[in-house]
Amino acid sequence: MAAAMGLERKAKVAEVALRCAVCALAALAAALVGTGSQTRTFFSLEKKARFTDMKALVLLVAAHGAAAVYSLLQLARCAAAAAWKGGSNGGAAVVAWSVFSCDQAVAYALMAATAAALQSSVVGKRGQPELQWMPVCGLYGAFCRRVGEGLAAAVAAGLAAVLLAAVSAFNLFRLYGGGGGGRKSSAGAVSGNGANTW
């Protein structure tokens with residue numbers, strides 16, 4: 001029983017740490033890509049490179065911005081659950097399923113947006129000679145470096161979100177495990193030792 005409580009505590013600490021990491025890294029990725037721009041002059045015409053010029057980068061900024069806000073809200077939920085330790089645990093399964101589903105969706109969205117932005121950025125960096133698309137990073141080097149930094153943060157945020165989804169799965173499915181000596185609630189979830197799901 002003490003080992004189960006220790007494992008549960010480690011899972012909660014890991015959840016908070018990963019939520020902080022996702023929040024910070026996703027916000028950093030969105031800020032780096034979203035604020036990056038560079039202006040070049042071609043034959044007295046100014047052309048400005050912005051993230052809005054590439055739809056995959058728009059998706060990256062939107063997905064990571066939303067993930068940062070979601071992680072911040074989940075951190076507030078964790079803090080509220082830690083502060084409020086008493087009361088009924090009847091809704092633990094509903095909360096755990098909701099958090100698990102949302103964390104899975106966020107992990108998938110971050111990985112998909114990052115993969116799309118990486119692929120588009122490779123085309124921007126190397127071009128596509130078969131289609132006569134020239135590489136643009138030679139012209140907009142500072143912008144491309146800024147996007148590269150944002151993509152590095154986006155990859156890290158995506159990996160942290162995947163780990164967080166695994167922790168959420170643990171938090172959910174431990175409610176249905178039989179080893180904790182808990183009793184079955186009316187919802188079918190184990191609610192042993194008064195443990196709450198945050």
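Backbone N, Cα and C atoms are what each Cβ position is placed from, and that goes for glycine too.
Values in this document were obtained by computation on a predicted structure and should not be read as measured data.
Residues annotated as topological domain 'Cytoplasmic' in Swiss-Prot, with sequence analysis given as evidence: 1-12 (among others).
Here Swiss-Prot flags 34-55 (among others) as topological domain 'Extracellular'. Sequence-distant contacts of the topological domain 'Extracellular' (34-55) (same chain, at least 6 residues past either end, Cβ-Cβ under 8 Å): 61, 65, 117, 120-121, 124, 136, 139-143, 146-147, 150.
Under the heading topological domain 'Cytoplasmic', Swiss-Prot lists 77-91 (among others). Per-residue pLDDT, averaged over the topological domain 'Cytoplasmic' (77-91), rounds to 69.
What Swiss-Prot records for 113-149 (among others) is topological domain 'Extracellular'.
Feature annotation from Swiss-Prot assigns topological domain 'Cytoplasmic' to 171-198 (among others).
Under the heading transmembrane segment, Swiss-Prot lists 13-33 (among others), citing sequence analysis as support.
Sequence annotations record features per position, and here Swiss-Prot assigns transmembrane segment to 56-76 (among others) based on sequence analysis. Away from its own ends, the transmembrane segment (56-76) comes close to residues 16, 19-20, 22-24, 26-27, 29-30, 33-34, 99, 102, 106, 109-110, 112-114, 116-117, 119-121, 147, 150-151, 154, 157, 161 of its chain (Cβ-Cβ under 8 Å, at least six residues beyond either end).
Annotation source Swiss-Prot lists transmembrane segment at 92-112 (among others).
Here Swiss-Prot flags 150-170 (among others) as transmembrane segment. Distant neighbours of the transmembrane segment (150-170): 11, 14-15, 18-19, 21-22, 25-26, 28-33, 36, 60, 64, 67, 96, 99-100, 103-104, 106-107, 110-111, 113-114, 117-118, 121; these residues of the same chain sit at least 6 beyond its ends, with a Cβ under 8 Å from one of its Cβ atoms.
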Do any residues, 6 or more residues outside the topological domain 'Extracellular' (113-149), come within under 8 Å Cβ-to-Cβ of it, and if so which ones?
32-33, 35-38, 40, 49, 51, 54-57, 59-60, 62-64, 155, 157-158
